[in-house]
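Enquirer: Quick one: the structure is below, and I'll ask about it shortly.
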Amino acid sequence: MERTNDSMLTEFVLVGLSAHPKLQTVFFALVLWMYLMILLGNGILISVIICDSHLHTPMYFFLCNLSFLDICYTSSSVPLILDSFLTGRKRVSFSGCMVQMFLSFAMGATECVLLGMMALDRYVAICYPLRYSVIMSKNAYLPMAAGSWVTGLVDSVVQTSLAMQLPFCTSNVINHFVCEILAILKLACADISINVISMAGSNLIVLVMPLLVISISYIFIVTTILRIPSTKGKRKAFSTCSAHLTVVIIFYGTIFFMYAKPKSKSSVDADNQDIIEALISLFYGVMAPMLNPLIYSLRNKDVKAAVKNMV
């Protein structure tokens, strides 16, 4: 472990799949392909929304933010992941690790809040269709999107600042592909109770509250849709929400699968579990951003029409 004269940690080592060199080659090709698809799919979706005036509505404004967010989120971590696959045990400076952790955490937290805002937008569209344009005016949806970004950035500043103050005196080896905050907290050789409390508060604000908003919104949405007399009307109403609901299920489903599993007590099993958690985190960080543009384009007639017009 490299340290300065005052015993401050100067770097971390990302283990990743260094113990499985054959898998590294396979995952490098797979992740690179998925990253290129993320850039292409989300880039096209952003361009379509900006260029087509018919898509200049609150729903597509939020979707444009989501696509840009997915590009930023993956770009903050995937290049480091690809590099670790090529170099094996990847060495990252302390400051570089903190910057990468800050960006990834900020983008992830922002996406949680943004998905909640998108649920509110769908709630107003389905439950108050005649007043939708009045309620979801620029004075409403611009602050909603800005609030999502500010919440994510502020939350990340708090969590990263607390992590940077911790001493790391036992090991600098991270059993992960990136500088993930929970993996870093495991290496601290001091009391992390403040970090744990802060993370709990963060989870309440950026995970639980948006999920609660989404759940309540969809309870009202489903109730309203069931009251529509015609089957065609019900399908049309549900189609405007199905893409968002699918994205929410993928996004939150992966998060809960990651953090709701029981921890192994065996050191060998714990190491294997760390790798499994890292792979799940990789799926969460790459698969969802790749699927989002496909979900929204395949299930949305307006987006399909706009893409055809551009082509």
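Cβ atoms here come from the backbone N, Cα and C positions, even for glycine.
Quick paste from TrEMBL:
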{"type": "DOMAIN", "residues": "41-296", "note": "domain 'G-protein coupled receptors family 1 profile'"}
{"type": "TRANSMEM", "residues": "26-48", "note": "transmembrane segment"}
{"type": "TRANSMEM", "residues": "60-82", "note": "transmembrane segment"}
{"type": "TRANSMEM", "residues": "102-120", "note": "transmembrane segment"}
{"type": "TRANSMEM", "residues": "140-158", "note": "transmembrane segment"}
{"type": "TRANSMEM", "residues": "204-226", "note": "transmembrane segment"}
{"type": "TRANSMEM", "residues": "238-259", "note": "transmembrane segment"}
{"type": "TRANSMEM", "residues": "279-298", "note": "transmembrane segment"}
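For each feature listed, report its degree of burial, its nearest neighbours and the pertinent distances within the displayed model.
Expert: Long-range contacts of the transmembrane segment (204-226) within its own chain (CB-CB distance under 8 A, at least 6 residues past either end) are made by residues 109, 112-113, 115-116, 119-120, 122-123, 126-127, 151-152, 155, 234, 237-238, 241, 245, 248, 252, 255.
Panel annotation: around the transmembrane segment (238-259), residues 59, 66, 111-112, 115, 118-119, 122, 125-126, 207, 211, 214, 218, 221, 225, 277, 280-281, 283-284, 287-288, 291-292, 295-296, 299-300 of the same chain, lying at least six beyond its termini, place a Cβ under 8 Å from a Cβ of the stretch.
With a cut-off of 8 Å between Cβ atoms, the residues of this chain six or more beyond the transmembrane segment (279-298) that come close are 27, 31, 34-35, 37-38, 41-42, 44-45, 63, 66-67, 70-71, 73-74, 77-78, 81, 104, 176-178, 180, 243, 246-247, 250-251, 254-255, 257-258, 304, 307.
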Enquirer: Go through the chain and flag residues at least 6 beyond the ends of the transmembrane segment (140-158) whose CB is under 8 A from any CB in it; none is fine as an answer.
Expert: 58, 61-62, 65, 102-103, 105-114, 117, 120-121, 198, 202, 205-206
Enquirer: Do you know the mean pLDDT across the domain 'G-protein coupled receptors family 1 profile' (41-296)?
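Expert: Summing pLDDT over the domain 'G-protein coupled receptors family 1 profile' (41-296) and dividing by its length gives 85.
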